[in-house]
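Pulled from TrEMBL, these are the features on record:
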ACT_SITE  D746  active site, charge relay system
ACT_SITE  H820  active site, charge relay system
ACT_SITE  S1157  active site, charge relay system
DOMAIN    85-113  domain 'Protein arginine N-methyltransferase 3-like C2H2 zinc finger'
DOMAIN    312-426  domain 'Methyltransferase type 11'
DOMAIN    429-577  domain 'Protein arginine N-methyltransferase'
DOMAIN    635-712  domain 'Inhibitor I9'
DOMAIN    738-1201  domain 'Peptidase S8/S53'
DOMAIN    1273-1369  domain 'Subtilisin-like protease fibronectin type-III'
REGION    799-825  region 'Disordered'
Amino acid sequence: MATHRGVEEKLTDAKVNLIRHSSDSEEDEVEDQNWDDWEVEDNAEEEQGSNPQLRCLFCESHYNSSSSLFEHCASVHHFDFYGIKKAYSLDFYRCFKLINYIRCQTATNKCWSWGKMCDSKEELLNHLHEERPSEGSFLPWDDEKYLNPFLQDDALLYSFDEDDEYEDEDGAPGDSEELAIHLSQFERINIDDEGSSDRYASELMKPCANGPKEVQFTVNESTNHVKSSGRLVENGVSTVANGMSSLRNTENIVSSSKIAASEITNINKKYFGSYSSFGIHRDMISDKVRTDAYRQAILENPSLLRGSVVMDVGCGTGILSLFAAQAGAARVIAIEASEKMAEVATQVAKDNGLLRNGLPGEDSQCNGVIEVVKGMVEELPNADHIKPHSVDVLLSEWMGYCLLYESMLSSVLFARDRWLKPGGAILPDTATMFAAGFGRGGTSIPFWEDVYGFNMSCIGREVVEDAARVPIVDVIDSCNIVTTTKVLQSFDLATMQPKQMDFTAEVELEPNSYAALNHPAGSKSETTWCYGVVLWFDTGFSERFCTEKPVNLSTSPYGPSTHWSQTILTFREPIAMASKVDAEKLGVVGTVDCPAVRVHSRISIVRAAQHRSIDISMELTGIGPDGRKRSWPPYIVYMGSSSNGNGRDDLSHLQLLSSLIPSEESERKFLLNSYDHAFKGFSAILTENEASILSGYDEVVSVFPDPVLKLHTTRSWDFLEAADSKFGSRFPYERSSSDVIIGIIDTGIWPESPSFDDHHISKIPSKWKGVCMEGSDFKKSNCNRKLIGARFYSNRDISKKRNETSPTQSRGSPRDFVGHGTHTASTAGGVPVANASCYGLARGTARGGLPSARIASYKACTLDGCAGSVILKAIDDAIKDGVDIISISIGVSSIFQSDFLSDPIAIGAFHAEQMGVPVVCSGGNDGPDPYTIVNSAPWIFTVAASSIDRDFQSTVVLGNNKSYKGSAISFSPLTLGKRYPLAFGEEAAAEFTAASDARNCIPGSLDPKKVAGKIMVCMNDEPNVSRRIKKLVVEDAKAEGVIIIDGEREASPFDSGTYPFAEVGQTVGSKILRYINSTRNPTATILPTAEIRNFKPAPVVASFSSRGPGALTENILKPDIMAPGVAILAAVIPKIEAFYGAPGNKSSLFSIKSGTSMACPHVTGAMAFIKSVHPHWTFSLIKSALITTASVSNNIGKTLTNTSDSSANPHQVGAGEIRPIKALDPGLAFDTTIDDHLRFLCYYGYKQARIRSMSNTNFTCPKRSTEELISSINYPTISIGRLSQHEGPRKVKRIATNVGSTNATYVCSVNAPPGLVVNVVPTRLVFTQSVRRASFKVFFDGKQASKGYNFGDIRWFDGSHVVRIVFAVNIE
């Protein structure tokens, strides 16, 4: 794929040439000059030079500055450059393209916006160049070809953002090209890596005067460019697994279910544009295995090709077309969708004397046979010169991908069915997929266990965990294959139909006898550990068509490597296997106590909802020596509302299970978890067929694989209350009740923390029915009047011994060994702890939202994640125990969201709400992209994260004594008194390492000899490598410290311990790189972090905070609200991680953490606080009070912003930042009832019978139940996911409840964006002692509104209360 780096290189080279054109002639002299002197001379030259003359885009006028030029364009030619730049969020590169595009259009007297062709320059100048609304996301200038300057030495291209007014120290748009220039200095050092593509390009474009030539290309390294949709794989099992659990439709995954045609066009454009990189084609052509296979099949089967009409689908450089021409083809039609590569293929054919001259069909002198056609094959049926079924041979390398990397085979099949003659040949014509299990050596674990003698296995574990979530493309060595190899699927490409591209196949893998290299330390020698399944393919040029020379191309690990790597599906936990196992072993199948003798794998490969993406999923069953089976993952069987709420349904669940499982597999007849209080159901080990059968039972609502969810990982309460301090005397804390019980479902709790001290807390409320479970390190005495309950749950590997009626419970404890649960619990309800700090930082009094609240801890998570079945059990237990509020800082990744009735948190929260227990959840850390919000059901209170008025800054001091502020929590031991050598990552690149890898300090990219003793500067433009890993990489290489340059600076400071660390923005980063380039011996130091209080502006939306709209439905506004989640001080476990350098090597009782995990307990604490003051309010009213009183301004009185300094919208902040004290007196509230939630399920599309099972009622769905009616449930905000400009006004209704003064009159006002008409009827609401509720209707008309989301609010005012209802309306 064409990378941003490639574009950047092209631009920066042009800019460097322009800026330093005057010194080019002195290049030889420069080498002998001092670098400092060179910089001085350059600066002097800039000062002496005159300002460049900038030419207008439309006329011959010239200006000295870009601002003057664009002011002229706006006033005379009606072209608002800055307005367009802001409206489309254009970065430097897109602005660069825009200017070249306009120059190109105006040169042909064509309007840049409307495309009108004018007869003369004068007519063009008289034409008003007003902007035309863009269709979807398509921008006509967003094409790679416009990166080439239309005018030679066009100074405007490098000065158009010099006058930007919104530059700041953390990264301004105006500095992107400056940073690129400094990066380019390092790129030129590693020309063997990055420059080879350009050298190849120049060689490719050289004319070949003497006709065809055979050119041999060499390659320094191979890079895989792969597209994958990235489905979640749990122990190799995707959540897309069975399709029978969704009651609304057959899709369990809702990633990008609605893709507009414009988006598909955009994806196609980007996809084919990505193949404009010569580096990709260099890799493919220099792949001798691949190229020789195609070359042999074409050249050594002369009877097939001689005199034939050949079509090459996706020709790229045209190498296969050249082979076909060389083999004697009469005509070769080369089809290429990339405009650039079509031009290249044309030039290559021409240079080799093989281009077919003139138009097809014309009587012309045709020396060559190749004609290149630009476009997608699906768009060519109307091409007059290509007659249907006129092609003798169809060629394509796309078939070689064989579905594993990208969904392109359908294009080849389209060409086959449209143009290939009956009986014509297709090359290749067969494809076979294979599967095998790989061992420990196939993962990165061995590498990280010994990195130059140091143990960095924590990185290896993290990498493997990430790999277990999505299929990856890499190379597996044959020595790491630990099972037999089996054929997964075979295809006949000559006859197969497109629907056969989606398939499910099964293989049974047995251990090899030679797998000793994959044994973990301490394991028994006969045991082989399988860490995943690797897939590869062979493609064949069979005897059917290649009669003289059949050829087979294999990508097997056992053969020579090709540029097509293997597809790797990693298990979440390895499976023990052995050829010979004692049949008496009764441990869990797949463990060392009972290795599996076979692993049955069911693999599905389907085209994804997202265009040009593929989903791969896998289900596993381990088979023991005695025939016992264990499946991954277990299944959750959800059976709706519990009939009595008190009974034990274990027996009935076991009877149901026994009716399905064969008698010879009786060892599976046990329950992993059973739910019997608020709702019914269980989790168990089932086959897919058994799960499918169960889903058809009347009493079963849904059946779905048990997912593994992830954790969404003080001054903050003072900050929240500061804005509402005037309310303090009116609602003092002393009036609050101490009977509110908060249930925390998380990683457990550290009971000895001072945040859970029970001094000054009254006796335990009588309503508490819970327990304090004991473990080896946790006693009942660890619970107290503050921490009143603690539970833990066995992991999912529960076995049952023979003659036992229940599983053997594994050992465990409620104790927190991660720290996440302790942090969230103390944030929600911790008691005040004076003088709390994190090694002296953020010193103050740490407390929770309601210090008098009781805490009940439910340990459902470990470092490995949280099993959905266990979370369901914890919710059921919490309700039964008597908690008042449940706080869950957990969720799925936004990519893998499932249907509401396949989501354990959504199911549990529904029943909790039904029983009067609200559930508050974190919204996820997958921002800042839209559609990433999770936990978005309307009965869940969904929380976004924000910063507070405190910042942590470290100082970087350079050798020239200039200092810059960076973000960090670093207890650096360095001082001003000593400076250390300073180097950029590319300068310390290891041998044969890509420059882009070294600049990002990717593991394995740096040479320790070049790093040791230096402060390293690393980029952060590689999203898959975290700051923590970069820090560990340079630390392991003995660097003195690290400075990270982040173009989009992270909102949360990174805690590096005692290791010197600083993270700077783009502007500061360019200055540091400039300094490195300016001297032979750059030096620097990094000073320890200082706390900055009263920081402004605050709050700011955290960049990591997930954004709306919801992927499941856009008719409920999510997130609901925002709360502090950046750099939050709270209690943790007193433990020092192996990779963390703690000051004085001592542990701390408090730590600073960031995430929506930290924001969630702030809202939990706020709800508990309000409940303690208003014990008779329902939690629906409390939720409404917090939403309608939320703040939309920061501490400088301006609108809330995000980390890009843009105004924040409701998809980022919900209704705004919580104001707990103001929410005590909201005036009006909107009570979202159980019936509202049931209507939501009807409108969403669930069947009435299932809704009745869920609710244990005779509820009847409205006769008209459509998704658009979701907008009318009585929610405190309004969202309309789709409103057509042509359909007329849309009506929604709300019912307000007066919770303020008895007699009150509220008057309405509307704040709406231009063009969106919003009418409220009536505009006055009158409440009396007898009238406590009143309804109103809101009509939205988008006839004149801008397309896309329009945001605003409706405000009701009675003289003292402002009740704000936020709305989001998507206009189409």
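Here, residue 1 is simply the first one shown, and the rest follow in order.
Glycine residues also receive a Cβ, built from the backbone N, Cα and C atoms like all the rest.
Looking at which of 85-113, 635-712, 738-1201 has the most CB pairs under 8 Å to the domain 'Protein arginine N-methyltransferase' (429-577), the answer is the stretch 738-1201. The domain 'Inhibitor I9' (635-712): residue composition by secondary structure is 23 helix, 24 strand, 31 coil, according to DSSP. Around D746 (active site, charge relay system), a 10 Å sphere centred on its CB holds 30 further CB atoms from the protein chains shown. Here the C-alpha separation of H820 (active site, charge relay system) and D746 (active site, charge relay system) works out to 7 Å. Figure note: comparing Cβ neighbours within 10 Å for the active-site residues H820, S1157, the maximum is reached by S1157. If you measure from the Cα atom of S1157 (active site, charge relay system) to that of D746 (active site, charge relay system), you get 10 Å.
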